[in-house]
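Asks: One structure coming up, written as structure tokens, with questions to follow.
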């Protein structure tokens with residue numbers, strides 16, 4: 001037994017020394033030694049070779065269309081009125097006041113079948129399917145055995161991801177999160193002053209950079225001249241909790257979000273000690289009013305960190321942007337839109353919170369190949385004259401969707417856990433009733 005420990009301790013000593021010197025210290029100061037870049041180049045060539053083998057073996061049939069996000073069904077962007085008018089085009093004009101025809105039934109039947117087969121909403125709450133297999137078991141739903149070489153490569157990949165990368169990533173993430181809790185808690189005991197704010201920003205920045213290395217994250221920031229400034233509000237599309245890690249690698253933010261339990265709750269309580277983050281319970285109406293007032297006070301203090309808000313209110317699978325809650329746009333101040341787009345070929349960053357706990361999700365992230373994403377800082381936006389909060393939110397959302405190459409959807413992300421509101425159904429019914437009996441119909 002003594003011989004076992006005599007061998008283990010030197011191995012662990014060398015392991016931690018390499019992690020600290022080659023990865024952790026450079027990460028803390030934002031320096032790269034080229035290790036991640038070399039790994040990514042090798043990974044890209046490996047996946048390109050695997051893709052070529054898969055495509056060669058499946059020339060007889062197309063594995064998938066351009067992307068699963070394009071869907072099984074080709075939909076038009078036409079409105080209810082436009083599509084029904086198209087169906088009625090060849091029908092003789094009726095002399096009756098009523099404008100109902102049997103062909104109208106075809107429109108509603110088609111929409112119903114389309115929603116049953118593949119709707120626009122629920123597919124945004126599941127992981128995006130890939131055009132070509134990326135050698136991860138969890139994404140092998142549509143790709144079967146191809147060749148012995150590809151199988152051997154997959155086995156080698158499993159060994160690399162679980163026996164080499166996973167221990168390394170767990171080590172780095174544990175160090176990063178531990179330092180974050182200890183550092184923010186310690187800084188929290190200091191009186192409010194410039195030194196406390198500076199130390200808080202330093203602790204957050206260093207710890208998030210270590211955590212990013214723990215995910216083998218490769219982040220490409222674009223248009224840095226548009227980075228959020230103090231006293232502003234940064235809004236971004238939301239894919240997972242690591243969105244915070246990604247953005248905080250390039251600057252510090254005061255965060256606004258839902259109260260969580262477990263590991264997330266521990267981190268939230270520790271971070272709140274050193275920085276004016278705002279956590280709330282979404283179901284409590286009283287919390288909403290308090291949050292709104294705190295946000296207004298924060299924005300009015302131009303010396304405080306920019307606020308980071310995810311207006312969708314839930315995680316979407318990075319193929320689209322769903323409805324932005326208007327509360328973030330009623331506060332006033334300058335909005336700094338940010339578009340985040342992950343590359344699913346290297347790893348699925350989407351957190352399906354209804355299916356995976358935060359620990360299960362982190363394990364999936366740490367056993368992926370890497371996290372690769374692009375972040376675009378967009379020009380600051382403000383309210384236009386005569387524009388209400390909803391219109392402003394939709395304008396910001398459209399800008400983010402266009403830059404990130406995402407689908408712009410008007411649906412509420414809350415449909416992940418709730419049913420469609422009756423008011424939306426009534427809105428569609430009113431539209432059709434106006435077509436049938438005219439605009440003067442009673443509601």
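Using the three backbone atoms N, Cα and C, a Cβ is placed for every residue, glycine included.
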Asks: Any idea which of 232-237, 238-243, 244-249, 250-255 is down as motif 'HXXXXD motif' in Swiss-Prot?
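Replies: Going through 232-237, 238-243, 244-249, 250-255 one by one, Swiss-Prot flags 238-243 as motif 'HXXXXD motif'.
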Asks: So which range, 170-190, 191-211, 275-295, gets flagged transmembrane segment in Swiss-Prot?
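Replies: So the range that Swiss-Prot calls transmembrane segment is 170-190.
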Asks: Which of these ranges is annotated transmembrane segment in Swiss-Prot: 15-35, 36-56?
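Replies: Comparing 15-35, 36-56 with Swiss-Prot, transmembrane segment matches 15-35.
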Asks: Check each of the ranges 316-336, 337-357, 358-378 against Swiss-Prot and return the one annotated as transmembrane segment.
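Replies: Per Swiss-Prot, the stretch marked transmembrane segment is 358-378.
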Asks: Cβ under 8 Å to the transmembrane segment (358-378), counting only same-chain residues 6 or more beyond its ends: which ones?
Replies: 39-40, 43, 47, 134-136, 138, 157, 161-162, 165-166, 169-170, 173, 214-228, 240-242, 246-247, 250, 260, 262-264, 336-343, 345-349, 351-352, 399-400, 403-404
